[in-house]
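Below is one structure, written out as C-alpha cells; the observations come after it.
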C-alpha cells in the first residue's frame, strides 16, 4: 500500500492499524531548533483520544505519544521525527462475526477489491484511529509554526450536527473548550446533547460539519497554479476519514451570491490593506490574503450502527450484518482536533515553501 504521506517540505507519513501493536507518524522536514517534548504533543492528542465522555467511542486508549527520534536536548535536530502511539485497548473479538462480510458504508469492500486482502479488525488502516498519528504530527507542526510565525492561532469547532446548526449570533470562542462538542454555541451544545443521547441509545449515528479557522496567517502563502494553499488545504481535509465535502470561505454558497456581494472590498488601513468581508476565506488565487483562513468540512454519519443492514460476503452471497463493537455516534466530535492538525501541517508546509522561494521579500503596499 502506497500513498501514506502528505506534504511538500514538511512531509508526514503515517503508519499503523486500528488493532495493531502501535501506530504513528514519521515527520520529515521539520526545521531544526524547535523546542519540543512529548507533553506539548500530548496536549493535542488528549483532545482527540477516545472514551472521554458518553458521546464518543468507549474504547479506552491513553494515546500516550513517544518521540523516538529527531530530537536532542529538547529541540528538533532537522532529522526525521518518529512519533509512536501504542494501542492498548483493542477488542478484536468484536469483529469476528464480520470477517467474511463487508460493512455497508465502510472501506472494507474497496480495500478488498483493490488489495485482495483486508484487516477486518476495526477497519485496519482505514479506521479513524489512524488520525491519532496526524494529531501528533500536527502538535509538532504547531510548535514549529510558533518559531517561524508566532502570531498564528488555529481553532476548530463544530457548526452542525445532523440538521441542527449553531446560531452564529451566539458565537463565543470561549465556549468551544467548555462543552463535549467543541461548539461555540452553548445553547446548541445543550440541544445536541439531548439529540445525541437518543441516537446513541437507539444504536444510530449522525454526521456533522466542522469549521477550522487560522488567524494571524501572513499574506503570501501558497502559489499559483498547482500549489495553491486552498488546494492543499482541501486535499488535507478531504483525506480525513469520513469526510465527504470541503469548503473554503463561502464555499458552495458563493454560487448563490452576486459579484457585488461575493467580492471582498478593499481599503487602506493603518497597517496595510483591510477587507470589508471574508467571503474568500482568506485566500485569493491560491495565495493567502492576510485574513483569517476559513475551512469547513462535512463528516458523514458513522457507518457502524446497531441496525441490521443488507450486505454481501467475500464469496458473493447476500447476507445481513450488525456492526458490534465500540463506535462514535457522531465521529465529527473527534474530527475537530484532526482538522486543526491538518491545518497546522499545511500552514507550516507553506510557510517553509514561502521562505524557500521568496525569503523575506514580499510586495509592500502603502
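Any Cβ shown, glycine's included, is placed from N, Cα and C.
Here is what Swiss-Prot records for this protein:
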BINDING   48  NADP(+) binding site
BINDING   125, 126, 127, 241, 242, 285, 300, 301, 302, 303, 304, 326  FMN binding site
Residue among binding-site residues 125, 300, 304 with least C-beta crowding, 10 angstrom cut-off: 300
Residue 48 (NADP(+) binding site) and residue 127 (FMN binding site), distance between Cα atoms, whole Å: 14
Residue 304 (FMN binding site) in three-state DSSP notation: coil
Residue 302 (FMN binding site) to residue 48 (NADP(+) binding site) - Cα separation in whole Å: 16
Cβ neighbours within the same chain of residue 242 (FMN binding site) - under 8 Å, at least six residues apart: 128, 299, 300, 302, 331, 335
For residue 48 (NADP(+) binding site): intrachain residues, at least 6 apart, with Cβ closer than 8 Å: 63, 131, 132, 135, 334, 337, 338
Count of other CB atoms lying within 10 Å of the CB belonging to residue 302 (FMN binding site): 22
Cβ packing number for residue 127 (FMN binding site), 10 Å threshold: 21
